Every structure is written in structure tokens, then in C-alpha cells.
Amino acid sequence: MAGTAALFGILMMVAFATPAKAATGDVHPFNPVVKTLPTPVKNAMGTNESVDQWMPDKNLQYIVLGALQDAGVNITETNEITQADMQQLTSINTAMPQRTDKTYWQAIQDVKTLKGLEYATNLTQLTICTDTNWNLYWTNNTRFIIIGKLADISALKNLSKLQSVSLQFNRISDISALANKSQLTDLSLSYNAITDVSPLANDPISKYTEIGFQTSVREGIVLNPNTKEITTPSYSIKNLKNESVPVKAYYKADQTITNANYRGYYRNYTSTADGVNVDPTTLKWTNLQKDVSTSGIGFLTAFWDDDFTWSPYYTFAGAVITPYEFDQSVGNLFVNYQTDGGQDIEPQTILTGTLNDPYDLTTNGTVQNTIQSIKNQGYYLEKVNGSEKGNFTADGASVTYVFTKTPAAIKVPVHYLDANKKPIVGQADGELSGVPTDKLSAADFKSAQRTIAGYEYSHAEVDGQTVADPTTLTYDQLSKGLDLIYNQTAKAVNVKYVDENGDAIKDAAGQPITGEATYPDGQFVGQPYTTEQKTIAGYTFDKVDTSNGGLPATGTLTADGGTVTYIYTKNTPPVTQGTVIAKYVDESGKEIHAPITTTGAAGTDYTTTQLGITGYEFKKLADDSAPVKGQYTNGTQTVTYVYAASTPVEQYGQVITQFKDSLGNEIHNQVVSSGKVGTNYTTTPVTIDGYTYLRLADGSAAQTGLYINGTLTVTYIYQKNTPPVTEYGTVIAQYVDDQGHTIHDTITTRGPVGTNYATSQLAVDGYTFKQVAAGSAAVTGLYVNGTLTVTYVYTKNSVPVPELSKVIARYVDEQGNPIHDEIVTTGKVGDPYATSQLTIKGYTFKQLASDSAPIFGQYQKDTQVVTYIYSKIDTGGGDDGGKTPGTGGQGGDEQPTTPTNPTKPSQPDQGGGTATSPVETPTGDSQTAGQARLPQTDEDTGLTSMLLTILGVTLLGIAAVSYRKLRD
């Protein structure tokens, strides 16, 4: 059982990557791929505790440092960042720096929280996501994109000036911090784990907001192979209106998922069982072993797709994946919650345990919490069908809790009493109610306990008897009342130590000596307190001052508190000095080292040292020697160390030369040399590419010196060179007619000053190139430190009169009778047209007429007619309240505006632009190299609590689009 739990734990924590390109060019499904990349380390030396406290994410500090420098703030290290600096930020955009700095790119990947950005109150633009192309480049692969670790964006909550936010390719699930942003129009949040977009309801976001490709992975389920069916808990997906979004079982071949990008994205996690809707947000699964892979892993995958705004290509869509596997060694218990009429109240709970091990639903937190939730809905537990205690079996036993709303509740009065069992002034009795046979719930008991100023809850009593846990009693047993006893809190007793003049006595550091009272039975009125009479050097205790309301050393606590004051008299210290002489002699008594003499006040400690003397070894203390350590006395003491001559031994020492940067990192191999003790050594700094020698490190041995009997370390410190700043110039190519009017978008390029630029003479529809304007910069040349403008002049061609045609959209019933006004559009022959299927009160659309023109097409020379046929709705003779079926209860007909020359959009992904290649629907059941698998235990386990999944992104029709967003 433990093994299977760990197996699904790894699946939930695996780092998912986004496939960038499939060999065939089709939509590639998302695949789990583990990547381990180095974490950037920036400015480790001199870390400022202050910035680490309010902006704890080192990677965010690195990104913010660059943004502040771009904003003109003169700082070079992250530890220089202040909260005041943050107010100068108006933009943080990671798009460009990541292209030239892998450390910066890695920092984007590793940011986990935006805490600290709450101080950037003038921020209007925020982009923290990796560029798809540079993601591939820096990871040295051509297939998968690594998703970032950003999950916490709560710091954005009060940033009211935000206008543009792009946080694609991350692990965000909670976007409540983006609620009520009155200026937020540009938003990109695709490829995250978002299941609730209702916080965006009041934001003026664009209709082209990118919010698709969301993925959430639920905790895995381990089932016995005998299991026949299960019901997955309700899926809570919320749209902009905070309405529940319907889900359905996801299958990779499901053509009702009209967006092929969505259909293909999750195909390696297609459902492996038969799923049907119990209700719009709950699925029941049968035939669980239908398509389980050879690895034994199956998936219950629920898919949703909500319109979000207006476009079928910018929808709020995603999947919730529940992995499962079979294990012969486990048993299951299926717990149901139903009314006495047999209707489900809550989704089924599935419990898994080792086969034949015991279970106890009365103590199971999940089951008891569900029961309490049902009771909170007004239900009462009527009976339990099945055993609440038993053993897990292979066939999977069932237990059904049956609830009713019939039993009448009993009322229990709650009294609030002090320690003397007297009602607390100002506290009216409370009341609890519940089914007589039910035990007092923990929630009810908690709600009964009040926070009373000046009091602290102590315990509960029933009929004058203390009850350790009232939740063990039924409401019937509590019917006479529940007494909650509170102790009145007492004010603290302060303790002071003063001299005979009333001045505070200070310690050696010059701070007043203080004390604290002790409350053995708690700090409550009527309970005892004690204080300490301290022994203070240089003072003698005199008395405790109880005059003028002073408290005694021990006593009884009151509501008013007070102060205990100990009075001491200062001692007159004796003025005596002592001397200690440490002598070092050989065995004949001859002095071999100069004596060391120390003095000190009598009674204070002294210590002497046994020295290491060349050519001698310590033997003993002389017979008449004073001790090595002791106290000074009023006189002189002599400590005599006796040494014996030692046989000289030729000794060698070692010198290690280190080369480090200013952060303490080694930047060159160490150099080690050795030599006889007493002989010379010499070290020198070496030349290291990219670094400049600064100095010897603090505590380093000397650059030259003598070998000693041991190891010396010489440490040279270098500073990393700062790369030269490259200046850039700008060239603008503009295209105008003879009158100077712009006839084509200008083309702007930038490049390093002194490098070549080239502009192009464009072919502009309806115009012929004439000349380069007088005073124009050269068509080709070198960038300068400034802006050059190249102006191409064109003459306008004569324009042929376009041939026009019409398309008529008709709306008729099955008998051909008109039920709505025709809609006529006019356009040039060859241009595209589009008609609309309307919602018409009392009718439902059935089909196009057999001779109808297509809904979308091109204008032809002859007039075309698109005929929509509707069936009349049979209302059964009743009043439908003006609601039109399928319209969510909104009455009336939809009146579309007549489109003029509409252009059918291509199907972009959620990356923010136009797909660069066609998207094909994946077919067949063959598995690619990226087929679903459970990751190994040595792979990334960075997500331990949130079960957020890093998703794959296809670069052909999908990821290339998000690159446009990053580039902007």
C-alpha cells in the first residue's frame, strides 16, 4: 500500500514539459519530461537581511535588479534594493534579457513567488515567462519546453495600475490577486493550473485574452482489480460569472472537442474507462480496465471548454486528470451519502487500504468531514447501511449513510461562568441545537466558546461535573445545559531591583537588572504568584518595599497587578591586587623562555598557558608550582612549567594558494607547495580570463614568508570584469505617396552602432516605386548613435472598379415560412463572407436547407442564399416564462450586426498570435516516444503540497504564437 501511494505521489510532483515540435508537424500532446537545471546564484556576498525578508525569492530579486537598472536606479547588487526603489518600477519585462543571459533565463524558470512586488505600486506592465525559442536554446533541445515554477502571485493584489500581465507557462492556480484591476486590458495566463476565472469578472480584459490549456492533476487512486465502477468527486470549474462549467469525459478521438489543439494536447492522458455524467459537474466511470496501459496506469480525465469572452479560439479550457492503478494487495471501500429517497447528496468517497486490514469510518477524517458538511445543509443522519468498521476486501464493500430532514432539533442552553461559578457580567446565555441522538459536533462546541475580554476559557461542566470532551455527549445528554468556565485574567506583576536611593541596579552591560513573576497556576485572579530575590554582585539585599501600594515578594494575583521592589545596599569593595608569574625552565632550572606576568584583582580568575617551545617538550609542573588556573591572591604566585630537551626532527610545511572571486567562489585551481620549516616560500597572483586581481583575502597568509610546521593558506581575491556596454542605433524605413501620405507600415530596425543596416524597397499594392526622397538617409549604411530615416516615394496606380455581389441569410420553419428578417450582406467577388445561426424565440435550429449556400464562403458573381431551417418548440401548452431553450433564460431574439467583409480567423493557440503552420487532428492509437508514464523516484519532486503540473506546449501551431507575446 505504501508503495502505491508513493508511486502516485511521484506522478503528482513530476515536472511536466511542453513538447515543442512533433516530427510530423501535427499537434503534439503534453508529456511528462523531467529536466534538472542549475539554480542561479547572484550576489551571495553581503546579502541584505532586509530585502530577503520582504522579497524572499532570490530569483525575483535578480529579475527586479535588472528592471530597476533599466529604470535608471543606480544599484549593482540585489542587497541594495529598497522598498522605495520599487516605486520607480513601471515595467518588468523578461522577454529580451533572457536571450543573452542564461542565468537570467534560469531565474525566470525558478521564480516561485512574487512577494515583494506589492511595493511596486506604479507597476503597469509585468511579464514573467520564458520565450519558447530561448527555452529550447538554453536547454539544448529541440522538442520540449520547461515550464516555470511560479505559483504565488498574491503580491499583485493591490497593484491597481496594472495594464498588462503575461504569466504563461507557469504553475499558477489562484488568480484572485488579479481581481478588480480597473486598467488591466492585456492578460496572458495560458498553460497554468487555473480552474476558477471568476476573479477576472470586473476587469476590462481584451476579448483576445489567452486563458486556455489549463491542467490540474488530482491525487491518484489505487483500486483492486475487482472494482466495477467509481464516481469522481464534483469538478469545481468556475467561469467569469462564477458559474460551474460543465465537464465531460475526455477521449483523444472525441470530435465534439472542435478545437484540434485542445483535442490533441492531452491525448497521452485520454480516459481509459467509460465515463458518463451523473450531473454536469460529476462523472461516473465503469469498465475501468478498458484501455489501461501496459504500465498498469489509467486516467480518468475530465475536459471543459468555456466560451470565456467571444471567440472560439480564445476559450477557457483545460483538463482535470485523476490517475489510477490496480493492485491485488489492496481493498477498497466505497462510501455513499444519500437521502432516504436514494438520491446522492455528496459524491462517493473511495478509501483504499491493504487487503484485510481494518477500517473505521467513525474516525476517518474525510468521511466525518463529509457527514458534517451534509449536516450543515440541514440533513440529519438517519441510519447507516453497511458496517462502519470492518476489513478491506477485494470485492470492495459499500457503506451508505442515509440522511433525512425530518428529526426535530433539541435546544441546549450555554452558560458563561467565572471560576466561582458566577455568571460573567455582560455575557448572555448562548444556545446550541441538534438532533437528540447526535453527539455535540466539534464545530458547534467551538462556536459556543466565546472570546471574552479579561477572561480565558478554562473547561466545560455538565451538572456541576467537569467534562474533558463535550463532543462525546449527545444533545439529549446536554439538554439541561452546558456550562463554560472562564478564569479572569490578572494584570502582570512587575519586579524591580533598586539601590537604597531607588535607582535601578544595572548589570555589567549597563542594563537595568529585571525579573519576572512566576504564576504556578496561571495568570488569573485569585491564583498565587512568586518572585525571586536575586544575588547581585557588589550588593547586599535589604528588604522588599511594600509601602505606597508595593506588593510583597509572594502573594495572590488581582485584576490590577502591581510591582514587587527589592531594595539592596551597595557593598564597599576591597582594593587588593595579585600577581601571577608563569616561568618556563629546563630540567636544570635554566630559563628557556621569557616569563609572562599578569596582574588582577584578588578573587578574580587567572589562567596561564603551556607554550610550545622549539627544541623542547613539556614534561611537568615544578613541585612547588602554583596551579595553571586559579584566582589572584593578595601577593605573588609563580607557575613553573618544566621542559625536557627534544631530539630535533626535520619538519616540513605546506602552502596552499587559492584564487577566488569576491563571492568566495574558486575560479582557478589551487596551487600547493611544500618545504622545510623555516625556509622561504613565494606565491604570486595568476592571470585569469574575465577577472582582475584585487587583493589578498582577509585572514590570508602572507604572499611570501617562511614555511611553518603546518599549513598556510594564501587567498587571492579577484573581481569579475564588467562587459562593455554596446550602444544601439535605429533605422526607420517609411513608405509614402507623392503627397507624403503613409501607404505602408514603417519598418524599424535596431543594431549596434557601426554595424551595417539595409532597408528594402517594398511592393505596395496599388502603387509603383518612384524614388528615394531627397534628404533621405541611404538605403544601406551603418547604424549611428541616434535615428536614421529612409523614405521610399511611390505613385498611386489607377484602381479598377471592384465587382460586387450579395449573400442573403434566410431563417424559415420546416414549412419554408420566414420566421425572421433576412440579413443581406454585400462584398467584392472573391472576398470572404460569413452568416450567423440566430437564436429565435420559440424555435430551435435544425439544419441548413439542402440547396443552401454554405455558412462561410466567398462572394460569387451571382447572389447566394444561405437558408437556416428551424423546428418550432413544443412548450406543452404551458408558460415558459419568456425563456428561450439553450439561452440560459434570456428571452428575445439575438439581433446580430451585419458584418462587412468578415475575415475568418485561423485557429491560433493561446500564445497570443497567428499559427505559422496548419494544425492537423492527431489520429490513430499509436504511442509516441512521449507516451504517458510514471516518473522515476530520482526525478524532480519539487512540488510537495499543491500537486500542480507543468504542462507541455506545442511549438508548431501553439508555442510560436506565445513567442509573439513575449517579443511584444
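The backbone N, Cα and C atoms fix where each Cβ goes, glycine too.
Feature annotations, courtesy of TrEMBL:
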| type | residues | note |
| --- | --- | --- |
| DOMAIN | 334-404 | domain 'MucBP' |
| DOMAIN | 411-475 | domain 'MucBP' |
| DOMAIN | 493-569 | domain 'MucBP' |
| DOMAIN | 579-643 | domain 'MucBP' |
| DOMAIN | 655-719 | domain 'MucBP' |
| DOMAIN | 730-795 | domain 'MucBP' |
| DOMAIN | 806-870 | domain 'MucBP' |
| REGION | 876-938 | region 'Disordered' |
| COMPBIAS | 901-930 | compositional bias 'Polar residues' |
| TRANSMEM | 943-963 | transmembrane segment |
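Model confidence over the domain 'MucBP' (411-475) is summarised by a mean pLDDT of 90. Under DSSP, the residues of the domain 'MucBP' (334-404) split into helix, strand and coil as follows: 12 helix, 38 strand, 21 coil. Residue counts for the domain 'MucBP' (579-643) under DSSP, split into helix (H, G, I), strand (E, B) and coil, are 0 helix, 39 strand, 26 coil. Residue counts for the domain 'MucBP' (806-870) by DSSP state, with H, G and I taken as helix and E and B as strand, are 0 helix, 38 strand, 27 coil. With helix defined as DSSP H, G or I and strand as E or B, the domain 'MucBP' (730-795) counts 0 helix, 40 strand, 26 coil. Residues of the domain 'MucBP' (411-475) grouped by DSSP class, helix first, strand second and coil last, total 10 helix, 26 strand, 29 coil. Here the domain 'MucBP' (493-569) has, by DSSP, the following mix of helix, strand and coil residues: 3 helix, 36 strand, 38 coil.
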